[in-house]
Amino acid sequence: MTTLKDRRYAHEDRSFHSARNFWSGFLVGLGFVAFFDETVFHQLLHWHHFYDLSTTDAGLVSDGFFHAFSWFATVGGLFLVADLRRRKAFWRKRWIGGIFLGAGIFQLYDGIIQHKVMGIHQIRYVENIWIYDVIWNVTAVIMIIIGAYLTAKTRPKK
């Protein structure tokens, strides 16, 4: 049975571990959106590979590295969650804020840096790419706004 004293200490631990709650969510969000991108757009729809400036074989190898990266980020974030839960310091709302920020920042980075600046791949190779770019980047900005709101709302009080 949890006592009032236990809950008070758990809340103090939660505030003490606010950065860990945030970063674990950030890694899970980054890993999840990368995994989703790789699974849906690379494997199921065949719209692009992580690296499209070479052969199909090179694109498939780059997809494998991208997939491994997404799982390393996700598993690393989940190990941090397990540690927070063990310490009774898990802060769900802050963690979810981290998820949205991680997913949104990665998606915006992908949409601007990888798609436009570096040009290593596009979302889809069609004549009018702009609608795909707008949807991709607006979705990223929405996730960033939600994540920033939740993170600010759960900022520990000094």
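Placed from the backbone N, Cα and C atoms, the Cβ positions cover glycine too.
All annotation found in TrEMBL is predicted automatically rather than curated by experts.
TrEMBL lists 21-45 (among others) with the feature transmembrane segment.
What TrEMBL lists as transmembrane segment is 65-82 (among others). Tertiary neighbourhood of the transmembrane segment (65-82): same-chain residues 20, 23-32, 34-35, 38, 42, 50, 90, 95, selected by CB-CB distance under 8 Å and a gap of 6+ residues from either end.
The transmembrane segment annotation in TrEMBL covers 94-109 (among others).
If you look up TrEMBL, you'll see 129-152 (among others) marked as transmembrane segment.
Outside the transmembrane segment (21-45) by six or more residues, the chain places 14, 63, 66-67, 69-78, 80-81, 84, 89-91, 94-107, 110, 123-124, 143, 147, 151 with a CB less than 8 A from a CB of the stretch.
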